[in-house]
Amino acid sequence: MAMSLPHQIGAISGTHVVAEVGGVPGEAPASATVSAVWRTPGPNLRVSAQNPVSEIDRVSPSPPMSPVLGGMRADLTVAAQALMDSPFTVEEFTDEREYTVGGGALEKWGKKGVPVYVMMPLDSVTWNHTVNRKKAMNASLQALKSAGVEGIMMDVWWGLVERETPGEYNWGGYTELLEMAKKHGLKVQAVMSFHQCGGNVGDSCTIPLPKWVVDEIDKDPELAYTDQWGRRNYEYLSLGCDTLPVLKGRTPVQCYSDFMLSFRDNFEHLLGDTIVEIQVGMGPAGELRYPSYPEQNGTWKFPGIGAFQCYDKYMLSSLKAAAEAYGKPEWGSTGPTDAGQYNNWPDDTNFFRKEGGGWNGEYGEFFLSWYSQMLLGHGERILQSAKSIFENKGVKISVKIAGIHWHYGTRSHAPELTAGYYNTRFRDGYLPIAQMLARHGAIFNFTCIEMRDHEQPQDALCAPEKLVKQVALATREAQVPLAGENALPRYDDYAHEQILQAAALNVDGNAEEREMCAFTYLRMNPDLFQPDNWRRFVAFVKKMREGKNVHRCLEQVEREAEHFVHVTQPLVQEAAVAMMH
């Protein structure tokens with residue numbers, strides 16, 4: 001997922017999050033339950049640097065530190081009980097006419113506008129292959145359906161399904177969860193999650209790669225992405241070995257293909273009806289990128305530039321061949337040696353600095369072209385497979401691209417470069433990605449849709465709005481559908497308005513017929529069912545579904561949704577009470 005100012009912390013951990021939040025200037029901060037905290041960047045930036053290219057101790061108003069998780073893990077079981085105890089029948093929540101109590105019909109949502117999906121908890125399926133918190137899940141899905149939500153997005157974890165033995169798949173929990181979604185009339189975006197869950201802020205559980213894959217990495221650590229200091233990353237297999245039979249006789253791409261084939265064969269009866277989209281994971285956090293900003297063990301902190309991940313022997317072998325073909329064999333033994341460390345800023349390094357930086361010279365162009373093309377090739381290989389497996393099955397294929405918005409205002413765009421997006425002030429790095437997706441008829445799914453430039457720490461030259469605009473223009477030129485996600489859990493109208501504006505795709509001031517093809521909301525958790533959050537969410541979903549051509553203010557939509565919110569009040573009140581205890 002895309003990292004951002006306080007990072008993503010909104011999994012359904014159910015934890016009671018307490019942080020210091022600022023109030024009226026001059027008054028003491030109050031303790032409040034929050035999902036994320038924003039602080040205005042202070043006027044002073046303290047920098048301690050003795051060597052401009054060494055790692056520095058920089059104290060900045062970079063994103064507020066993620067609140068410390070503590071307190072009790074709340075369970076949404078009470079939400080289920082609230083729904084069961086409600087005077088309204090289940091049929092009133094799930095009827096196709098979407099009736100509310102008393103026979104007054106809530107107007108049908110219609111097909112125009114942008115359908116909203118909601119991400120499921122990361123741990124929706126247990127290690128025992130059952131649905132986690134089943135009663136709570138049922139109640140929550142009923143509530144989402146009644147709110148006009150189109151469907152849900154669920155991670156289908158490689159590390160759960162093919163955990164013990166190569167080629168043996170256990171779909172137990174997913175069979176149950178998909179049937180549950182079908183029962184409630186919800187569509188499903190199924191994410192083929194070939195990455196590890198855990199180790200980054202926002203990961204509420206740990207699901208490693210399949211045990212037998214980890215065993216193979218232990219035997220050959222070069223299968224893992226590696227930085228120039230020899231640090232290995234176990235989040236996702238290095239794309240350098242994509243086509244090599246390093247996994248007990250199979251290549252990684254073959255393993256991904258076999259997994260998708262088994263998924264197709266097991267759930268063919270749901271494809272095109274309940275399962276409408278397959279999002280293919282292609283890297284850490286399921287995104288097409290390198291693991292250049294790993295948070296585990298404090299390796300990287302926002303807004304550091306990250307580090308190139310091309311030092312396993314398979315990647316270096318490719319780099320050596322590319323350098324020889326280019327006529328500069330001396331460039332093939334290593335990546336840039338002057339690109340700083342994970343938590344440097346661009347101008348701390350020779351490679352990324354704005355004046356005379358190596359990124360803008362012949363070597364930089366060679367290396368960055370190779371590095372980004374390797375990532376595009378990885379996407380091509382997996383998409384070719386996914387397309388053939390799901391062809392004529394009535395499902396769309398999508399790929400998630402990270403919203404790396406920090407240091408976007410610099411010339412080099414260093415964090416994007418280390419992640420594999422060759423995007424600089426002088427080069428569009430998102431058009432080649434969009435064109436690659438277009439060749440396979442895939443959807444470009446992009447994060448950080450909810451962010452505004454001025455909410456970010458200004459010293460880091462963050463520009464999420466400009467980044468979203470650039471991506472929208474690239475997808476328009478490539479004629480690729482664009483879908484969106486929010487990178488942080490946000491429940492306020494201000495974020496909702498930003499999403500509505502971005503989803504309309506009025507990127508150059510001219511009205512288009514085009515809108516985002518879908519939006520996925522992060523995430524179904526106890527905070528979503530807090531009464532005020534739920535009221536705003538219902539109005540937001542309705543406004544998204546009405547589309548860009550319905551010119552009504554959000555407040556008016558909220559008033560129209562009040563009756564519906566009243567109906568579901570027992571559910572959200574009980575969920576809120578659970579969060580407080």
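Glycine is treated like the rest: Cβ placed from N, Cα and C.
Quick look at what TrEMBL annotates:
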BINDING   Asp155, His195, Asp203, Lys400, His405, Thr447, Asn486, Ala487, Arg523  substrate binding site
ACT_SITE  Glu287  active site, proton donor
ACT_SITE  Glu485  active site, proton acceptor
Between Arg523 (substrate binding site) and Glu485 (active site, proton acceptor), how many Å separate their Cα atoms? 10
Using a 10 Å radius on the Cβ of Asn486 (substrate binding site), the other Cβ atoms enclosed count 28
Quiz question: given the binding-site residues His405, Arg523, which has the greatest number of C-beta atoms lying within 10 angstroms of its own C-beta? His405
Cα of Asp155 (substrate binding site) to Cα of Glu485 (active site, proton acceptor), in Å and rounded, measures 15
His405 (substrate binding site) to Glu485 (active site, proton acceptor) - Cα separation in whole Å: 14
